[in-house]
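To start, the structure under review is shown below, and the notes come after it.
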């Protein structure tokens with residue numbers, strides 16, 4: 001399955017095969033998932049326009065009896081509009097969570113290029129259909145719910161496919177840093193989605209969905225023509241993780257998952273052999289087989305609560321800023337992008353530290369512990385001034401999205417190429433889908449709970465988020481202890497060597 005349009009000869013001749021195609025894979029998968037998140041963001045920006053403060057716009061020009069909601073978009077013009085917004089979010093996220101567990105299985109068995117491109121085209125179609133409800137003057141809730149459900153299902157094609165593609169091309173070297181930088185596509189997509197949606201939110205909010213829908217379709221077509229799934233497809237050597245060699249970089253990466261489990265004493269003989277065939281011959285791993293990989297359950301449950309916090313901010317932060325700081329819809333959307341700017345910095349920082357220390361779980365726990373008091377401070381003093389709000393949004397974004405980014409990228413790729421798989425590369429998509437699918441359950445619960453709790457006060461929403469952060473940290477306790485024991489053993493051996 002070579003790319004339908006080959007990479008220009010000038011690029012291939014300037015760089016070695018692996019370098020040129022690795023760069024191409026990183027760029028295409030980055031753009032691909034940027035467009036996925038770009039298409040998810042508009043709903044959070046448009047919420048404040050579906051039920052705005054009509055009294056601030058002046059008298060009712062239609063002279064209706066219901067003067068307080070004359071500018072709202074039915075059916076979101078009632079007092080239960082927050083619950084309806086929560087239902088919209090939940091329709092997408094529940095469908096996404098359910099579909100993710102199935103998506104990874106298909107991703108291991110279908111050509112990734114077809115799977116990813118087809119999913120992107122369908123995602124663009126359903127995103128645009130939501131916005132067309134504005135131009136078609138649709139005011140029935142079921143239309144928007146059905147579109148959200150369908151969009152949630154087709155968007156599950158994205159994450160397992162892009163992580164599998166990157167994992168197929170990159171070994172275990174500095175995976176945390178590389179994937180931490182690469183994972184900024186999530187925040188870049190959120191930022192671009194906010195800015196694009198904000199450009200039309202006050203004039204014609206339907207375009208806030210139609211334009212992102214067109215963008216993801218175009219990027220999907222580009223990926224169909226140019227994406228290369230496996231190094232073997234273009235006669236390049238695959239990375240060493242396919243045979244799980246114990247080169248001097250491997251212990252660093254594997255220790256990050258399970259500490260002592262990384263010290264495999266096998267396969268050094270295979271270092272110089274071409275590992276192409278093991279990447280193609282083994283059968284795809286089963287769902288239960290993936291669950292038995294050490295660390296998958298712990299990191300999956302941790303991500304459930306970490307993603308609960310992240311997606312609550314994704315869907316409700318602009319509305320929170322409008323209600324608490326009293327900004328307009330466009331200004332609130334622009335300000336909310338600072339949370340994603342912090343997410344970019346947090347993901348890179350988490351990847352760099354976890355590479356250096358060899359402790360993925362410990363890095364996540366430390367960031368989650370610090371995030372809890374920062375969320376409390378943001379809720380109480382974050383709106384005291386524009387400078388304070390900017391600083392707190394960046395800090396909270398880094399601490400909340402750092403662990404989320406690390407688990408969904410480097411940790412997923414590490415576990416998908418765990419030594420217990422004995423070189424079977426047909427687990428990346430399934431393991432990634434299990435981890436992100438479990439996290440997506442939390443992503444569905446967070447906005448739903450926020451919709452139910454917010455009528456009682458925003459303080460209670462933040463207490464819920466703080467509790468979720470603490471639970472996410474506690475679920476990694478066993479892996480953290482194992483990493484700590486690995487460090488202690490390493491220090492003891494080093495001291496013994498020095499004394500000798």
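Placement of Cβ uses the backbone N, Cα and C atoms for every residue, glycine included.
The domain 'Major facilitator superfamily (MFS) profile' feature in TrEMBL is assigned to 25-485.
Residues or ranges marked as transmembrane segment in TrEMBL: 84-107 (among others).
Cβ atoms under 8 Å from those of the transmembrane segment (114-136) belong to residues 32, 35-36, 39, 42-43, 73, 106-107, 143-144, 147-148, 150-151, 154-158, 161-162, 165, 204-210, 212-217, 219-221, 223-224, 227 of the same chain, restricted to positions at least 6 beyond its ends. Per TrEMBL, transmembrane segment is recorded for 114-136 (among others).
Within the chain, the transmembrane segment (142-170) has long-range Cβ neighbours (under 8 A, six or more residues past its boundaries) at 18, 21-22, 25-26, 29, 32-33, 36, 39-40, 87-88, 91-96, 98-100, 102-104, 107-108, 112, 115-116, 118-120, 122-123, 126-127, 129-130, 133, 178-179, 182, 227, 229-231, 238-239, 241, 279, 408-409, 412-413, 416-417, 425, 428-430, 432-433, 436-437. Taken from TrEMBL, the feature transmembrane segment applies to 142-170 (among others).
Summarising the annotation, TrEMBL assigns transmembrane segment to 182-201 (among others).
According to TrEMBL, the feature transmembrane segment maps to 207-228 (among others).
Marked as region 'Disordered' by TrEMBL: 247-279.
For 254-272, the entry in TrEMBL reads compositional bias 'Polar residues'.
Remote same-chain residues near the transmembrane segment (296-317) are listed as 40-41, 43-44, 89, 93, 190, 290, 336, 339, 343, 361, 364, 368, 371, 375, 396-397, 400-401, 403-404, 407-408, 411-412, 415, 431, 434-436, 438-447, 449-451, 454, 461, 465, 468-469, 471-473, 475-476, 478-479 (criterion: CB distance under 8 Å, separation of at least six residues from the stretch ends). The transmembrane segment feature in TrEMBL is assigned to 296-317 (among others).
Taken from TrEMBL, the feature transmembrane segment applies to 361-378 (among others). Same-chain residues lying 6+ beyond the ends of the transmembrane segment (361-378) with a Cβ under 8 Å from its Cβ atoms: 256-257, 298-299, 302, 306, 309, 346, 350, 353-354, 392-393, 395-396, 398-400, 402-403, 406-407, 462, 465-466, 469-470, 472-473, 476-477, 479-480, 483-484.
For 390-415 (among others), the entry in TrEMBL reads transmembrane segment.
Residues annotated as transmembrane segment in TrEMBL: 427-449 (among others). The list of residues near the transmembrane segment (427-449) in space but at least 6 beyond its ends in sequence, with Cβ under 8 angstroms from a Cβ of it, reads 86-87, 89-90, 93-94, 96-97, 100-101, 103-105, 107-108, 112, 156, 159-161, 163-164, 167-168, 284-287, 289-291, 293, 296, 299-301, 303-312, 314-316, 404, 407-408, 411-413, 415-418, 421, 461, 464-465, 468.
Counting residues 6+ beyond its ends, the transmembrane segment (461-481) has Cβ neighbours under 8 Å at 257-259, 295, 298-299, 301-306, 308-309, 312, 316, 320, 359, 361-362, 364-365, 368-369, 371-372, 375-376, 378-379, 400, 403, 442, 446, 449-450, 453-454 in the same chain. Under the heading transmembrane segment, TrEMBL lists 461-481 (among others).
Long-range contacts of the transmembrane segment (84-107) within the same chain, counting only residues at least 6 positions beyond its ends with a Cβ under 8 Å from a Cβ of the stretch, are 40, 43, 47, 50-51, 75-76, 78, 115, 141, 144-145, 148-157, 159-161, 164, 284, 287, 311, 315, 319, 429-434, 436-437, 440-441, 443-444, 447-448, 450-452. A mean pLDDT of 81 is what the model gives for the domain 'Major facilitator superfamily (MFS) profile' (25-485).
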